[in-house]
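According to TrEMBL, the features are:
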type     : residues : note
DISULFID : 144-168  : disulfide bond
TRANSMEM : 9-28     : transmembrane segment
TRANSMEM : 48-70    : transmembrane segment
TRANSMEM : 82-104   : transmembrane segment
TRANSMEM : 203-228  : transmembrane segment
C-alpha cells in the first residue's frame, strides 16, 4: 500500500473514531435499553455482555482518535505503534463482542417460555415490575399470552377478574375492548414468546452488523499503520544527497 494512501486512510479512520465511538455507545445503550424493557422476562443476564463490551470500546474511542490523528500527521513511530496496539485491542474486543452476540443469539431459542409464564402467573394488574413488564411486552410487541391469548385463562388474574389485561387489546383506548374473552376479535391473538424472541434476535443482529462494520474499519487501520511504519523504516536507510 502506498504511504500517501495509507496516511489518508489512517487520517480518515482517526477522524471517524469519534463518530464510531458515539455510534457504538448508542448501540450498546440501545441493546441494554431494549432488554431493560423486558428485564423480568429475560433470566439470562449474560445476554448483556456484548452490550457492556461495546460501551467499553466506545469509552476510549475519542482519545484514540486524537492519538491516531497526531501520530499520522507527524509519522511518529512511537505514536503509530501505540495507535496500532490500541486498534488491535479494540479489534479483538469487537470480535469478542461479535462472538458473544452470536452465542447468546442462539441461546435465546426456547428460553423465554418459562419466564413469560411465570410473569403471567404473577400478574395482578397493579403497578409493580411484573405487571409493567407484561403490559409493556404485550403493547410493544402486539401480542397476548405465551403461545396465544388463551394462555391467560390459566392465570390467577383471569380467575379473579374474568377478563384479559387491556394490554392485549389491539387498541387499548377503544371502549369496545373491555378484556372479556368473548370479545376475542379485539385482542392481539398471537403469543408473546415468538414475538419477543424475534425482537431480541433482531436487536442482537443489528448490534452484530454494526460491530462487523467497525471491525472492518479497524482492520484497514492496522494495515495502514503497518504501511506507514514500513515506509518510514525504508526511508531511514536511504542515503542523503546534497
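Start at 1 and count along the chain as shown; that gives each residue its number.
Cβ coordinates are placed from backbone N, Cα and C, and glycine is handled just like the others.
Sequence-distant contacts of residue 168 (disulfide bond), defined as residues of its own chain at least six apart whose C-beta falls under 8 angstroms from its C-beta, comprise 138, 144, 145, 149, 152, 179, 187, 188. Summarising the environment of residue 144 (disulfide bond), the number of other Cβ atoms within 10 Å of its Cβ, over all protein chains shown, is 27.
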